[in-house]
Structures are given as C-alpha cells and as structure tokens.
Amino acid sequence: MSALKQIKFDEKGLIPAISQDFKTGEILMFAWMNQESLKLTIKKQQAVYYSRSRQKIWFKGEESGHIQHIKEIFTDCDNDVILLKIEQIGGISCHTGRISCFFQQLDKKNWKIITNMIKNPRDIYG
C-alpha cells in the first residue's frame, strides 16, 4: 500500500494513533498502531490498533461492541502520528465506560474526574 511508505513507525514498528470524534472534535483516545493494524484500519474503515500489553492486533470494539468507524485519516507533518476522525458506535470509547479516555483534569495539584461513566465496565466486559 503506497500510502504507508511515508509513515514513520518507531524502532518497535509502532506509531501513536489518536481518535477524535469527527462531529464534535473531542479527543476520545490514544492507542498504538503497527503497519498491519494501520493497513486493516484503511481497508476495513474501522479502527484497528496494536496492543503492546497483549502483543497483538486489537479491533476496537471486538469485545465491547464500541466500534470506531473511520471517517478520515490524517498524519502529522512528520508522518509519525496518526489521527483518526471517527464515528464512535455506542458513545463509549474508553474501557472505563466513558466517552473519552481523557476524563481526568489537573486541578492545581490533583487530578479531578470531570466526565461521568456512561456504563459500568463490568456491564460491558462481564
């Protein structure tokens, strides 16, 4: 795939990927991709990531049903970060049951939770 030739994966063969709600612009999550997951994302028009902890390809929503449909894909000026503009199915992108993984805000010296849980993770994952 010629589009992948300009992408700069790191020494581990990975590239950071940010997902953003295509309608609101809200940043939903950060994950890693490898060449295979990026190819699958482009081919299937569905977010596919690489799990460093599990050392395997991870289809977003494969367990939870919270799939990310791709609307647009961007790379940054250095071609070393991917931005996915997505439609989040089910309204939950974070494994904590929230719309976004970025739900903690620094309030002077402490982290404050600013977003409510939409669904308890036990109800999502069992």
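Using N, Cα and C of the backbone, Cβ positions are placed for all residues, glycine too.
Remember, it's a predicted structure, so these values are computed and weren't measured experimentally.
Listed in Swiss-Prot:
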BINDING   Asp76, Asp78, Asp80  Mg(2+) binding site
BINDING   Cys77, Cys94, Cys101  Zn(2+) binding site
Please give me the CB contact count at 10 A for Asp80 (Mg(2+) binding site), counting all chains in the structure. 13
Those same-chain residues, other than Asp76, Asp78, Asp80, found with Cβ within 8 Å of the centroid of the Mg(2+)-site Cβ atoms are Lys8, Thr75, Cys77, Asn79, Val81
What does the structure give for the C-alpha distance between Cys94 (Zn(2+) binding site) and Asp80 (Mg(2+) binding site)? Integer Å is fine. 23
Using a 10 angstroms cut-off on Cβ to Cβ distances, just flag whichever of Cys77, Cys94, Cys101 is the loneliest among these binding-site residues. Cys77
Going by a 10 angstroms cut-off between Cβ atoms, which of the binding-site residues Asp76, Asp78 has the sparsest surroundings? Asp78
Could you give the Cα-Cα distance between Asp78 (Mg(2+) binding site) and Cys101 (Zn(2+) binding site), in whole Å? 25
Asp76 (Mg(2+) binding site) and Cys101 (Zn(2+) binding site), Cα-Cα, nearest whole angstrom: 21
